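Peer 1: For 12, 97, 191, the entry in TrEMBL reads [4Fe-4S] cluster binding site. Feature annotation from TrEMBL assigns isopentenyl diphosphate binding site to 43, 75, 125, 219, 220, 221, 264. According to TrEMBL, the (2E)-4-hydroxy-3-methylbut-2-enyl diphosphate binding site annotation covers 43, 75, 125, 163, 219, 220, 221, 264. Annotated dimethylallyl diphosphate binding site per TrEMBL: 43, 75, 125, 219, 220, 221, 264, in sequence order. Positions annotated as active site, proton donor by TrEMBL: 127.
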Ligand code: SF4
């Protein structure tokens, strides 16, 4: 079986930075020191399990914490969480991706100038929840075109977008949102890594018989890759987390398979999958 790996597959700059920061902390870790991660460090179960075995405990809220170090993952957190962590005297290890930090700064700045903030993204995603926390949780969050009618007319609107959104979705929604305010500022804050990955996946999907997208079930950027590939290969796109999910028998009918992977997928999982498909 011929297998082609899409460019820009696997760990992005922000995830790589978060992982390196965490391993750096583990090296310095004292015997009795507790290191926590506020939510799973990345959306990949295998990596999170590995880090847990090495001593990084995942916690979902900080209420009961009174000591130790806490890692803020690449998705970032709200302004209020920083204040709470500082008040508790916890050692903050900040792995917020600089692309996410940029959005938080834009939102804080424009909210302070009296703009209503619109975030194009998934309201349940930690990155969006965090960004909303830089404008007093007052942002209007729109995930799909059908939600636009819920937006009230305002004087000044500042539009940002979740870093992992599909570019087409941003273009369509942001254009329509422009009709809802007298004055609009727009920031296409989709990160470069996401754009490059999506373009490469789209390009490869047109050249192969089937596409395999490797990444966590909860990974937003992986889900976007799946929907982009499905537009080109509706019945021949497969989302898998590890080689255990590969539908080997179905693959036998194909000659060439393309592989791409989300930003939280480690290289070893990609290599293992490629090797398994190649041997079919
Ligand atoms: S996908 Fe982009 S914004 Fe998100 S962590 Fe990676 S580089 Fe940063």
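Cβ atoms are placed via backbone N, Cα and C, with glycine included.
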Peer 1: Which of the binding-site residues 12, 97, 163, 191 has its Cα nearest to the Cα of residue 125 (isopentenyl diphosphate binding site)?
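Peer 2: Out of the listed candidates, the nearest Cα belongs to 163.
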Peer 1: Under 8 Å between C-beta atoms and at least six apart in sequence, can you list the same-chain neighbours of residue 221 (isopentenyl diphosphate binding site), or say none if there are none?
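Peer 2: Result: 164, 194, 197, 215, 262, 263, 264.
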Peer 1: For residue 220 (isopentenyl diphosphate binding site) and residue 163 ((2E)-4-hydroxy-3-methylbut-2-enyl diphosphate binding site), what Cα-Cα distance in Å is obtained after rounding to a whole number?
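Peer 2: Residue 163 ((2E)-4-hydroxy-3-methylbut-2-enyl diphosphate binding site) has its Cα 10 Å from the Cα of residue 220 (isopentenyl diphosphate binding site).
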Peer 1: Can you tell me the CA-to-CA distance separating residue 163 ((2E)-4-hydroxy-3-methylbut-2-enyl diphosphate binding site) and residue 12 ([4Fe-4S] cluster binding site), as a whole number of Å?
Peer 2: 12
Peer 1: Can you list which of these binding-site residues (12, 43, 97, 125, 163, 191) have a Cβ closer than 6 Å to ligand 1?
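Peer 2: 12, 97, 163, 191, in sequence order.
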Peer 1: Would you list the other residues of this chain near [4Fe-4S] cluster - those whose C-beta lies within 8 angstroms of the C-beta centroid of 12, 97, 191 - in sequence order?
Peer 2: 13, 14, 15, 74, 98, 99, 100, 163, 192, 193, 194, 263
Peer 1: Measuring Cα to Cα, how many angstrom lie between residue 97 ([4Fe-4S] cluster binding site) and residue 127 (active site, proton donor)?
Peer 2: 10
Peer 1: Quick check: which same-chain residues outside 43, 75, 125, 219, 220, 221, 264 lie with their CB within 8 A of the centre of the dimethylallyl diphosphate site CB atoms?
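Peer 2: Along the chain, the qualifying residues are 42, 127, 164, 216, 218, 222, 262, 263.
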Peer 1: Sorted by position, what residues of the same chain at least six away from residue 75 (isopentenyl diphosphate binding site) have a C-beta under 8 A from it?
Peer 2: 39, 96, 97, 100, 125, 126, 127, 130
Peer 1: Cα-Cα, whole number of Å: residue 43 (isopentenyl diphosphate binding site) versus residue 191 ([4Fe-4S] cluster binding site)?
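Peer 2: Cα-Cα, rounded: 17 Å.
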Peer 1: Can you give me the Cα-Cα distance between residue 191 ([4Fe-4S] cluster binding site) and residue 219 (isopentenyl diphosphate binding site) in Å, rounded to a whole number?
Peer 2: 15
Peer 1: Using C-alpha atoms only, work out the spacing between residue 219 (isopentenyl diphosphate binding site) and residue 12 ([4Fe-4S] cluster binding site) and round it to an integer in Å.
Peer 2: 13
Peer 1: List, in sequence order, the same-chain residues at least six positions removed whose CB sits under 8 Å from that of residue 12 ([4Fe-4S] cluster binding site)?
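Peer 2: Within the chain, residue 12 ([4Fe-4S] cluster binding site) has Cβ neighbours under 8 Å at 191, 193, 194, 197, 263.
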